[in-house]
Ligand SMILES: O=C(O)[C@@H](CO)OP(=O)(O)O
Ligand SMILES: [Mg+2]
């Protein structure tokens with residue numbers, strides 16, 4: 001089970017942008033992984049290395065990162081055992097030598113880290129989720145509640161909606177398979193309602209497969225979701241979640257303002273769209289009063305610790321306040337947020353920190369603090385479904401992977417259905433326990 005060589009190549013992701021595929025070669029076969037890529041990336045994320053050579057892919061190629069895998073990482077990992085995840089991840093971190101993995105590229109490192117885990121699981125003859133649960137020392141194997149992003153705004157869509165994601169959270173489903181069915185049914189009801197109210201061309205979709213109708217206010221989007229949930233008969237069974245991705249419309253220099261009309265650059269830009277932190281906080285409190293909200297993600301900018309703490313103190317006992325750009329899956333930032341009670345939940349993205357070992361460390365910190373932990377895809381994705389196994393192995397109980405459509409999103413949901421089937425079979429055969437997180441996905 002030792003590594004013979006590691007190879008990478010440039011492939012395209014769901015947005016048609018270059019990304020990396022990594023192959024780990026051993027004497028027992030080849031194991032691969034594909035790397036996702038964000039659009040609304042946090043400034044504190046590990047560094048995604050791009051070429052800057054304008055003659056190829058507008059300068060966004062990843063050939064430098066590919067070369068780093070082939071010429072720098074491969075030789076130092078040669079001969080190491082694939083089941084020594086921590087040693088391999090540490091070795092790459094050491095070789096990189098920077099704080100944000102900018103020398104080798106976090107995209108190069110994370111691809112290797114994921115492919116190595118896949119190799120180890122396969123050679124041991126166990127599913128990847130089981131191997132990850134062993135690495136994390138987690139005995140609570142759980143199927144997650146899926147959070148389906150069915151209305152896209154922010155940086156992911158060409159409408160004026162300031163908030164980036166509006167999600168359906170079918171917490172009241174009895175199992176994962178049913179949760180997926182509920183989500184898909186509401187998705188189709190939503191399409192009909194949007195068509196009826198805004199016309200057929202409003203049913204085009206954004207980067208994560210959610211509809212991107214020409215709305216400008218979060219209230220319009222939330223009303224559509226409530227109507228679609230009720231129309232499908234899932235009132236009380238499906239909640240709604242919002243990822244504001246507020247760093248995208250935060251201007252820390254300009255008197256800490258949040259511009260809810262930030263995508264409108266024309267003269268019709270609304271002067272009423274500017275909010276200070278306090279005003280935006282009252283908007284969230286109003287939304288929580290009016291709609292069945294499960295969580296707010298990134299309600300404020302990535303370095304606005306103060307307003308995050310305020311919203312957590314005010315409504316964090318009722319719902320999850322999730323830090324994505326704020327925390328960047330970075331153990332140092334997570335520790336600070338735990339100490340200062342800045343948020344009460346973590347968004348977990350493996351490419352945001354760059355290795356599986358550090359991702360597991362981040363998830364453990366969240367768990368020990370009694371936080372929620374939502375495992376997440378990126379807006380630029382591939383058909384790799386690594387995160388499906390990750391969420392089951394860590395047992396965090398919640399995942400977001402976009403809308404229940406478009407294959408790069410469904411790859412994860414379909415893989416979760418397979419895992420559920422496999423676990424049910426094992427349960428019938430030998431009583432092995434597992435559960436669907438369901439209503440317990442996060443309780444305060
Ligand atoms: O903000 C987010 O949570 C993600 C994924 O939905 O978006 P991106 O990958 O563009 O950062
Ligand atoms: Mg986010």
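Each residue, glycine too, has its Cβ placed from N, Cα and C.
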Review point. Of 220, 297, 358, which one shares the Mg(2+) site with 243, 324 in TrEMBL?
Key: 297
Practice item. From 156, 188, 308, grab the residue that TrEMBL records in the same substrate site as 165, 297, 324, 376, 377, 378, 379, 400. Key: 156
Check your understanding: For residue 400 (substrate binding site) and residue 324 (Mg(2+) binding site), what Cα-Cα distance in Å is obtained after rounding to a whole number?
Key -> 12
Exercise for review: Compile a sequence-ordered list of residues in the same chain as residue 324 (Mg(2+) binding site), six or more apart from it, whose Cβ lies below 8 A from its Cβ; state 'none' when nothing qualifies.
Suggested key: 42, 243, 245, 297, 298, 347, 349, 376
Exercise for review: Filter the binding-site residues 156, 243, 297, 324, 376, 400 down to those with CB closer than 6 A to an atom of ligand 2; keep them in sequence order.
Suggested key: 243, 297, 324
Point to revise | Shell of the substrate site beyond 156, 165, 297, 324, 376, 377, 378, 379, 400, same chain only (C-beta within 8 angstroms of their C-beta centre) | key: 38, 40, 149, 164, 208, 243, 347, 349, 402
**Study point:** Residues in the domain 'Enolase N-terminal' (3-132) grouped by DSSP into helix, strand and remaining coil
**Key:** 54 helix, 27 strand, 49 coil
Check your understanding: Just how spread out is the substrate site if you go by the largest Cα to Cα distance in Å among 156, 165, 297, 324, 376, 377, 378, 379, 400?
Key -> 16
Study note, to complete from the structure: residue 297 (substrate binding site) falls, by DSSP collapsed to helix, strand or coil, into strand
